[in-house]
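K.L.:
Here it is, the structure, as structure tokens.
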Amino acid sequence: MIWLYNVVWKVPPDFGERGRRDLYHFTHLAVEHPVFTPFSWVIEHAVLPYFTAFGWGVLFAESALAVLLLTGTAVRLAALIGIGQSVAIGLSVAESPGEWPWAYAMLLGIHVVLLFTCSTRYAAVDAVRAAATGSAARTAAQRLLAGWGIVLGLIGLVAVWRGLGDDRPAYVGIRALEFSLGEYNLRGALALIAIALAMLAAAKRGWRTVALVAAVVAVAAAAAIYLQVGRTAVWLGGTNTTAAVFVCAAVVSLATEFRIGRVEGA
């Protein structure tokens, strides 16, 4: 969840470079308060001059981490990416005022545990892919698709409830705990609910086409947010975190679509 929450302030197109804030500020701390001198040199001479490209890379990596870990997809690959990100973040800010270096050691340790343990036996795309028989894969896929449909539907309903009588997008989460499942206006919330209903119907009936439609709509919603965030008003009222939630819906729908329509024993 930490990756899902923190993508919200990696905002294109300049990722904070113009105002020396957000991602640019924290990246520049590697130069101001070096942890490892060679790393600081790389940041100063190879990263900061090309910061926009670097910002997109960070946004992609951390969004991918959130999506892969939450959906249980290629978890060991995600763990490796997480280890790299944890090391890079620690080397950037661990010696900065107000930071607690052990936090980055713990973040690193969590991903090491994911790398070397079986953490995708249940409620994970990897579990669907690893199923021994066609019937087992179908059951696992239906449960995963339905489970995510319920979760996404609840997020959408909470967004509708919190947004009643307010023109601002509704925040779904707890700000004080830095826990977020995204921000949604009425359009965004209804889009998420529609996707959730499609996922539930596909899981219940084994409708592969409906699961595919849910994935396509989710991808379109995420793409719309990424194209608009930081540049103009977001039509769905979302943030990068919101986009990652829609991508989760797309990944689960696509990963289970092929399995839910299989006949038992196939």
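Including glycine, each Cβ sits where the backbone N, Cα and C put it.
Note that the structure is a prediction, hence the values are computed from the model and not measured.
Just lifted these from TrEMBL, have a look:
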- 47-70: transmembrane segment (TRANSMEM)
- 100-124: transmembrane segment (TRANSMEM)
- 145-164: transmembrane segment (TRANSMEM)
- 184-203: transmembrane segment (TRANSMEM)
- 210-227: transmembrane segment (TRANSMEM)
- 233-255: transmembrane segment (TRANSMEM)
K.L.:
Using a Cβ distance cut-off of under 8 Å, indicate which of 100-124, 210-227, 233-255 has the most pairs with the transmembrane segment (47-70).
P.N.:
233-255
K.L.:
List, by number or range, the same-chain residues at least 6 past the transmembrane segment (100-124) whose CB is under 8 A from its CB atoms?
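P.N.:
For the transmembrane segment (100-124), the list is 2, 69, 71-73, 75-76, 78-80, 82-83, 86-87, 89-90, 93-94, 130, 143-144, 147.
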K.L.:
Could you tell me what the rest of the chain brings near the transmembrane segment (233-255), counting residues at least six beyond its ends with Cβ under 8 Å?
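P.N.:
Counting only partners 6 or more residues beyond its ends, the transmembrane segment (233-255) has Cβ contacts under 8 Å with 4-5, 7-8, 10-11, 59, 63, 66-67, 70-71, 73, 125, 128-129, 141, 144-145, 148, 152, 155, 169-170, 180-188, 191-192, 195-196, 198-199, 202, 211-212, 214-216, 218-219, 221-222, 224-226.
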